[in-house]
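Trainee: The structure under discussion is supplied below as structure tokens; questions concerning it will follow.
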Amino acid sequence: MGNHYDKQKKPTHVLTVENWENDEIYALLERAQSFQTSSRSFIHEQLFAANLFFEPSTRTKISFEAAERKLGLQVLPFEANTSSIKKGETLYDTVKTLESIGVDVVVIRHSQERYFDELMDAIHIPIINGGDGCGHHPTQSFLDLLTIQQEFQTFEDVNIVIAGDISHSRVARSNIYLLERLGAKVYVAGPKEWMSEEWMARYVTMDEAVEIADVMMMLRIQHERHAVKMVAGPAEYHETYGLTVEREKRMKPTSIIMHPAPINRGVEIASELVECERSRIFKQMTNGVYVRMAVLEYVLERR
Amino acid sequence: MGNHYDKQKKPTHVLTVENWENDEIYALLERAQSFQTSSRSFIHEQLFAANLFFEPSTRTKISFEAAERKLGLQVLPFEANTSSIKKGETLYDTVKTLESIGVDVVVIRHSQERYFDELMDAIHIPIINGGDGCGHHPTQSFLDLLTIQQEFQTFEDVNIVIAGDISHSRVARSNIYLLERLGAKVYVAGPKEWMSEEWMARYVTMDEAVEIADVMMMLRIQHERHAVKMVAGPAEYHETYGLTVEREKRMKPTSIIMHPAPINRGVEIASELVECERSRIFKQMTNGVYVRMAVLEYVLERR
Amino acid sequence: MGNHYDKQKKPTHVLTVENWENDEIYALLERAQSFQTSSRSFIHEQLFAANLFFEPSTRTKISFEAAERKLGLQVLPFEANTSSIKKGETLYDTVKTLESIGVDVVVIRHSQERYFDELMDAIHIPIINGGDGCGHHPTQSFLDLLTIQQEFQTFEDVNIVIAGDISHSRVARSNIYLLERLGAKVYVAGPKEWMSEEWMARYVTMDEAVEIADVMMMLRIQHERHAVKMVAGPAEYHETYGLTVEREKRMKPTSIIMHPAPINRGVEIASELVECERSRIFKQMTNGVYVRMAVLEYVLERR
């Protein structure tokens, strides 16, 4: 604890996904899948984790916490709103403090994009990015991949439509990049105001989307993260860009619905569809724990 | 974890007490009493609990947490004010998320009366009600029963006066119903504005109360839960409806004082009486842990 | 748990340091030092700790938490801002509640100086003071001592300059008293407005300080704890009273820099010096865990 890490050896961080090779990704997904049947891991000493969430979260924070406990880690509670950040302490000094106190791995969510740039070379313990502004959210990307792989056993030629607020999503850009590299065909749908030029070649309407998609990957409207006036009222948005009860009926028999949650019921997706037969929304959450176990193990075994 | 529960089998919730048979109650109290001497329980696997408290609490939350730890459960921290509830997520989606992440039992306190109606049939893990608005608070009722039983070995013909803000109490109505069913004689005291018609047959003044009571069960004035202008200033309330130092002197030698706490010292009870010889107030808190261990074990062994 | 303590036996609290004999201090530091190589302790039963922090803290709270976990204690989470303190419960009733629930040791930080006076004789479980207003912070004093002892193997004739906001510091007065009793030579530096009459005999300017000091013990400017208008702007303060890059160059080859953190970078100390060769700032945090383990063990083995 604390003093046991090797200051000469650089820690393995997981900050973004773009730098992961395909075979590394497949290995990670395989390890995650194995946790579905057994939590046994290589960790046998007392190790400490801390989860620094500077933005509200239920799912990701508690999912990391469950993953940590299942691996046998001790979790030191950290509440941003009662921490010394209140006294003006920098993020760097806070993380360095945790390192000094003996924390072995930190998970950080922070509203500032690429908050980790100032940390990655100076901190001697692994950092797992739990979400940076509109930037990245690697464990969410991995759990999305695992959910698709469980369904189709491959990414080759799977048609995936990512629908909604792509420009403010932490995972949309990473997922487009990764999924295409793994062989999937990716489309985008949603308000054109939320698309950048480069994505327009993949653009389909929602009515086209539901007919071609093997996977309808709905995104959350990030009310809290952008000031952009919503392109329409909730009901009108649902009608034009949402996954309505009517549209779901036109989906292929084997296609599935995904959503990272929390869900705005009746906006991006009809409330009735949240737990329908083809929904994998809660399955994604279950997979999230396995993926996070695999990522935690990955960085800890490389200490 | 998560996937291990049987989706066909309905979980056993503990939401209210009215549906408990007398023999079930006696069995629960016996099990709770046994935890006073040994924490040994049937739980040997890694199980996860989460405590969702949407209202302030010291006692109940930390008491459940202690009970969970003593049973060997892992407790996943959940802070309502940093959760996705802040992003507008429904209570149902939050609980479903915890279920998906692998939580095995949830304890919920919520300001909305009968918040559990929308959860009980759709959630596959047991829910223990830690208090719903002015509705119910089953583990508080059980710990009150245990405290009385420890003292008198029976409920038959024990005279119990429930005094104070009955209309806004989470336990008064349940306790009146249960205690009478178990053979006790129940009276009520306090401001008539806080009594409903049905209770007036049991009404006594505080001066009468202290002379007949074997148990003076004081209630807390729920400042935070009702807008009703207080019937009197604190000093005047204490004089007319409180358990004053003078009134305590007229109590029977063997009678006891109870209060669910937190206490408004000098209002419903004189500060000097909080730890007097006949006070069982802190004993109630100790009993709370045992009762919660018994309730947790009860729902978990019926999974 | 709870019922196991002996109500006749007074618990051993750690509230201030002035009452500690030199040999007791040396024994504690030796025990703390031993935890650097092994966490093995005498604690083998399930014991519960609770950390009641009524003021923001990262370091101290999480350091106690790490110490508790390393000793094998269960830590019951307590969040002041969601507790019954919000409902007007007194500190005494809150601590008595924790005692009743079965907590075996409490750590308390509170803005009220000597908050513990009303607790120490009535509470049956040990209290460790995690900071009271501008009063005391014994574990910080002990970790400062340990850090100096590790460096110089003795306190005899070590020159220590305590620089900065002495009047509002929780540790400055205790440290002056203890260090002198242990044989060190103590000086003070900083704005004269923050010095009391009695300290003026030890007063040196910052330019004198850096040349005589074996230890430059910088204090934090307690913005949040005093309304005193700052004696100067941050840049001007740094120039006159801070440890600047220029001043550091004039320090003796073997002398060290200490700071309790959180640090106001560029005010009391130049940002570049925080992790310089002679800084022991993060080492202090590592020592904090060992010292707290020793203090927790000390009070628990005296139950």
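Each residue, glycine too, has its Cβ placed from N, Cα and C.
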Trainee: Kindly point out which candidate in A:R31, A:R109, A:R173 is recorded by TrEMBL as part of the carbamoyl phosphate site with A:R59, A:T60, A:H137, A:Q140, A:A261, A:P262.
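Mentor: For carbamoyl phosphate, TrEMBL names A:R59, A:T60, A:H137, A:Q140, A:A261, A:P262; of A:R31, A:R109, A:R173, the listed one is A:R109.
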Trainee: Looking at L-aspartate binding as recorded in TrEMBL, which candidate out of A:R40, A:R202, A:R220 goes with A:K87, A:R170?
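Mentor: Looking through A:R40, A:R202, A:R220, the residue TrEMBL assigns to the L-aspartate site is A:R220.
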Trainee: Who sits close to A:H137 (carbamoyl phosphate binding site): which same-chain residues at least 6 apart have their Cβ under 8 Å from its Cβ?
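Mentor: When sequence neighbours closer than 6 are ignored, A:H137 (carbamoyl phosphate binding site) has A:T60, A:N129, A:G130, A:G131, A:R170, A:V171, A:S174 within Cβ distance under 8 Å.
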Trainee: Might you list, by sequence position, any residue in that chain lying six or more from A:A261 (carbamoyl phosphate binding site) with a Cβ less than 8 Å away from its Cβ?
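Mentor: Set apart from A:A261 (carbamoyl phosphate binding site) by at least 6 residues yet with Cβ under 8 Å, we have A:R59, A:R220, A:I281, A:Q284, A:M285.
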Trainee: I need the most crowded of these binding-site residues: A:R59, A:R170, A:R220. Count other C-beta atoms within 10 angstroms of each C-beta and give me the top one.
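Mentor: When each Cβ's neighbours within 10 Å are tallied, A:R170 leads.
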Trainee: Among the binding-site residues A:R59, A:R170, A:P262, say which ones reach under 8 Å of chain B by Cβ distance, listed as they appear in sequence.
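Mentor: Cβ contacts with chain B under 8 Å: A:R59, A:P262.
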Trainee: By a simple count, how many Cβ atoms lie within 10 Å of the Cβ of A:K87 (L-aspartate binding site), its own Cβ left out?
Mentor: 19
Trainee: If proximity means a C-beta under 8 angstroms from chain C, which of A:K87, A:H137, A:P262 count? These are the binding-site residues.
Mentor: A:K87
Trainee: Counting across all protein chains shown, how many other Cβ atoms sit within 10 Å of the Cβ of A:R109 (carbamoyl phosphate binding site)?
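Mentor: Its Cβ has 24 other Cβ atoms within 10 Å.
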Trainee: Hey, for the carbamoyl phosphate site built from A:R59, A:T60, A:R109, A:H137, A:Q140, A:A261, A:P262, who else sits with CB inside 8 A of the CB center?
Mentor: A:S57, A:S63, A:G130, A:G131, A:P260, A:G288
Trainee: At the level of the C-alpha atoms, what whole-angstrom distance separates A:Q140 (carbamoyl phosphate binding site) and A:K87 (L-aspartate binding site)?
Mentor: 32
Trainee: How big is the Cα-to-Cα gap, in Å, between A:R109 (carbamoyl phosphate binding site) and A:K87 (L-aspartate binding site)?
Mentor: 19
